[in-house]
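Accompanying notes for the structure given below.
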Amino acid sequence: MASVSALTEELDSITSELHAVEIQIQELTERQEELIQKKKVLTKKIKQCLEDSDAGASNEYDSSPAAWNKEDFPWSGKVKDVLQNVFKLQKFRPLQLETINVTMAGKEVFLVMPTGGGKGLCYQLPALCSDGFTLVICPLISLMEDQLMVLKQLGISATMLNASSSKEHVKWVHAEMVNKNSELKLIYVTPEKIAKSKMFMSRLEKAYEARRFTRIAVDEVHCCSQWGHDFRPDYKALGILKRQFPNASLIGLTATATNHVLTDAQKILCIEKCFTFTASFNRPNLYYEVRQKPSNTEDFIEDIVKLINGRYKGQSGIIYCFSQKDSEQVTVSLRNLGIHAGAYHANLEPEDKTTVHRKWSANEIQVVVATVAFGMGIDKPDVRFVIHHSMSKSMENYYQESGRAGRDDMKADCILYYGFGDIFRISSMVVMENVGQQKLYEMVSYCQNISKCRRLLMAQHFDEVWNSEACNKMCDNCCKDSAFERKNITEYCRDLIKILKQAEELNEKLTPLKLIDSWMGKGAAKLRVAGVVAPTLPREDLEKIIAHFLIQQYLKEDYSFTAYATISYLKIGPKANLLNNEAHAITMQVTKSTQNSFRVESSQTCHSEQGDKKMEEKNSGNFQKKAANMLQQSGSKNTGAKKRKIDDA
């Protein structure tokens, strides 16, 4: 009869092999998901091509984009003349001519084009080539003001109506809408105007009857759909326009929309058949990078200042912040260290916003430190860097905000600082949104990924097929020459669940910070669990592990609402039950090391030349002197943003 020790040894061997098999299953499952995603995208494209082919056989014009990329339509001569003599442009960008031809033919079209691709021209130019006026629906007054400023410089007659418009101005616009001799070509309104102003709708009817109202342009059309990243209820009322004015052609524009969102928007706008032109999401001149956000504020500012004084010396940029308070504090810190910076957020007085915008456009200010209120319609071509002080609330938002860099098609950098605490600051803000948390976790997954091409991650989100080799080492992950492996972190999850169960029994709620403290053997003694050994990993890597468990649903967020704030707590998630199976394994990708280590690399740029480093070192001298005084006054130690190599417990 076999001895107990021999049986135990065999059992351990089987358990070990089961863990290895579980890890292989997870790797294969990930690969399966990638292939399923590619299959879905390709199937949709084939279906779209077949539908376009069928539609082309029965329509007056072929519905494939290539068929509309022509200059032999009745309006083509006028279109070219307006392009060159009014807009002062010599040629169209990709999909602009196709979209213009479709809308000039009186057909409905949706255009999905990256930020900076020139969507505005696709309805502004046709407005000048058509009789009557085009009604433009925009979500933000600031966006309308930006566009009107540019149109005025080009000598194009355009105006807007909003709640602050004077009675005299409203009266003039209403008269121009039905005046057959009017030169007014573009009228900008917010969706609220359509939803709530019966007087304006009445005026539109009269203009339509007089054949003066010829086209509807819905900017940021993704706002129609509750599945979009920026859903606005008043956009749902826009369906009335096609019902009331069926002969006015409609063009919808967005930089960020999935197929699901576009289909939903089409239904909401009451469009039966619609062309959809989608430009590639790829901006080949943009370099994407994710950096570990230093926990120390002084370290963080040091990192940013070294970049601005080094690689971006004398170059224009934007720093996006989570809140108005962050925007103002970062601006003050940068100014104290000699950077010409200006804050921009929604609560600034209109004249202050205009001043900051004007000075930045004229390069009198090097950096705008802004909230998301800054950017829509911003058309500064030479923005060399966009830095995210905190991550965006969704992939769509990040794509749009980072896309404000490099509109001149020259190389530009998009650097995102990822910090654990930001997850919960943002989740508390988006908790009431329909898919807010889901979209945030997609963004967290993007930031946590240390190996996949950033463009591949974006492509998967926007339903595109992408070959990582086409990135040309224009993202941090594609620049790495490290090897990666999957580490088994199952026991960490079991320990965290023990801590959360004990807290639940004590009727205690644990914030993410309290959970980490308890795990590390710190904080209140009653929240610690006997038998849970504190891991020897640094705190920032424990944060990454908890974030991994959160987006994999082994943990979940719960919220408490107070009069002043929404507080996020962590609880046991729906997938935690899988741990009842002893063989179940949870793995996390880490950088492979020759030693038995758990190493999470902070991303480093690879595209910049050696001169960048020298420039940063050269220009950091003044910074160090100024920073030393600031740090001495605050009594804080400047430890620097370090790359860490972590020994696995």
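Glycine too: its Cβ is placed from the backbone N, Cα and C atoms.
Residues or ranges marked as ATP binding site by Swiss-Prot: MET113, PRO114, THR115, GLY116, GLY117, GLY118, LYS119, GLY120. Neighbours of PRO114 (ATP binding site), defined as other CB atoms within 10 A of its CB across all chains, total 20.
Its own atom aside, the Cβ of CYS478 (Zn(2+) binding site) has 22 Cβ atoms within 10 angstroms in the protein chains shown. The Zn(2+) binding site annotation in Swiss-Prot covers CYS453, CYS471, CYS475, CYS478.
Swiss-Prot lists 597-608 (among others) with the feature compositional bias 'Polar residues'.
The compositional bias 'Basic and acidic residues' annotation in Swiss-Prot covers 609-619.
What Swiss-Prot records for 630-639 (among others) is compositional bias 'Polar residues'.
The compositional bias 'Basic residues' annotation in Swiss-Prot covers 640-649.
What Swiss-Prot records for 100-275 is domain 'Helicase ATP-binding'.
The domain 'Helicase C-terminal' annotation in Swiss-Prot covers 300-451 and rests on sequence analysis.
Annotated N6-acetyllysine per Swiss-Prot: LYS514 (among others), in sequence order, evidence recorded as similarity to another entry. In three-state terms derived from DSSP, LYS514 (N6-acetyllysine) belongs to a helical segment.
If you look up Swiss-Prot, you'll see LYS522 (among others) marked as N6-acetyllysine, on the strength of similarity to another entry. With a 10 A radius on its CB, LYS522 (N6-acetyllysine) counts 14 other CB atoms from all the protein chains. DSSP assigns LYS522 (N6-acetyllysine) to coil in the three-state reduction, placing it in neither a helix nor a strand.
As annotated by Swiss-Prot, phosphoserine applies to SER597 (among others), with the evidence given as similarity to another entry.
The phosphoserine annotation in Swiss-Prot covers SER602 (among others).
For SER634 (among others), the entry in Swiss-Prot reads phosphoserine, with the evidence type similarity to another entry.
The feature region 'Disordered' is assigned by Swiss-Prot to 597-649.
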What binding-site residues among CYS453, CYS471, CYS478 are found with a C-alpha within 10 angstroms of that of PRO114 (ATP binding site)?
none
Taking the center of the Cβ atoms of CYS453, CYS471, CYS475, CYS478 at the recorded Zn(2+) site, which other residues in this chain have a Cβ no more than 8 Å from that point?
TYR288, ARG454, ARG455, LEU456, SER468, ASN472, LYS473, MET474, ASP476, ASN477, CYS479
As a test of the contact definition, list every same-chain residue at least 6 positions from CYS471 (Zn(2+) binding site) whose Cβ is closer than 8 Å to its Cβ.
CYS453, ARG454, ARG455, LEU456, CYS478
Reported as an integer number of Å, what is the Cα distance between CYS475 (Zn(2+) binding site) and GLY117 (ATP binding site)?
21
Do any residues at least six apart in sequence from GLY118 (ATP binding site), in the same chain, have a Cβ closer than 8 Å to its Cβ, and if so which, in order?
ARG93, GLN96
